């Protein structure tokens, strides 16, 4: 073991052994770091959870055709003649066909509907998606958890499991008023916690009729023969209609929306956390200056015996790191216990409420933990330098 | 033929600046101490005893003049070099012992050896010998808080000599001890001087402590002065 390392180890040990003398202030430093880490972890978990919900909804093997020059379902409009042109395309257009040679496709329309969680609560906007009867089977990872699918043309709906569990009156067989008419709930579906579970699905024609949207189609979902078939489809779409049409992968559609919301969450989250981190760094600096002051005689004594400035610096810095690490660990543990799996919702896909679970995963822990350690590193650096500059004459006259 | 002094100060000037005011301590201090001497330095408060000790320890440096110990010019060394020199050539005995409270007696004594390329076994053997020498054999695991002042100072002496330095600087080594403990410590310092030929410079206010030394130097207003023997 090198002489420098030996010096550092013995001084570090001396520092830690003397921690009980300054337990309160060291604990306050650890707790302030823990608070910052927990807050950041909360924001990151929110963004991560939202990303996860939307990423889980999209499949690269499903194409979503949009019209009207937009790349989102909201605002998209596909003329009826364009749909007919696509459906009548022959040859390989990159889309899976059924036994009769028709495309595996679903025309869809999303209508925002207001639903109250309870009688005395304000209503929440949910997405009612009208789709062709083949719509659910085109999607990946969707399975009926109870009941049956809606019947063609009927005022029947199936609802995602999040809605079934969070909103009253969505039990199977219940009648629910959406818009001006009542709908019967015929089934519940699960979609691995993805954004689909925040939607209500019904027959396209029934939805269009109930909301006076006759003839309107926002998007056309198509099952691709493979993720690489999207380019083939887009090449054929240019000739399908005079109006601009574009096909995007379902995965990209949802990722783009998740990035927008996640960025918004982090746009507010990071500044709040960094402001708190500045405060915690000032607290760490104060704690470590107290530590140096408390250990003046010990530091000056070993320096008088010949210990190096560098070992003095490192030992003080390690102490700051260690306290910050304890704080970071506490913050991560607290955020995991409190936030991980917490159900939340925000206005997300198609301007409707999208539910998601806060996710405290490895990335979140690492990022939040690194910030905690950075507080220790920054807050401990100046006191560590101050420790190397203590006047050694203090050791010769001080009562140890 | 005269031998070169082990410690030599020539024309040393030293002062401090407090606020805007210059406080002179030494204007032209000369001192020669031969190897193996045991010198007590006495003087009133403010006479410069501590400043002299700090300079001999390499903790402070003269503003002008030369300061050499064993032919090494401390006044020409940088802070890091003086620190290294101190670790290998000098032991310091403090008035208030300055033991690290969280380390036991053996660990406190071992501290200077951590600066040398010695194995853990070699360090343990040397620590054991030193504690035996100061009469604390069997108390290796005791912490400072479990020891009397006299015992703590003996641990301090063991720590000062464990790396076998040629020079011991003692700053009021009996200032915090009762008479009996003080006598034991002084006896030990005399032993180290006589038997192990350590050169000792001891700052003290205690005339009885000074009598343990081979000679006493009196500092007053930054100058060594002659005193009639009492």
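The backbone N, Cα and C atoms fix where each Cβ goes, and this holds for glycine too.
Segment annotation: TrEMBL labels transmembrane segment over residues A:264-285 (candidates A:242-263, A:264-285). Residues of the same chain lying 6 or more positions beyond the ends of the transmembrane segment (A:264-285) and with a Cβ under 8 Å from any Cβ of it are 28-29, 32-33, 35-36, 39-40, 42-44, 46-47, 50, 320, 323-324, 371, 374-376, 378-380, 382-383. DSSP places the residues of the domain 'ABC3 transporter permease C-terminal' (A:273-391) in helix, strand and coil in these numbers: 93 helix, 10 strand, 16 coil.
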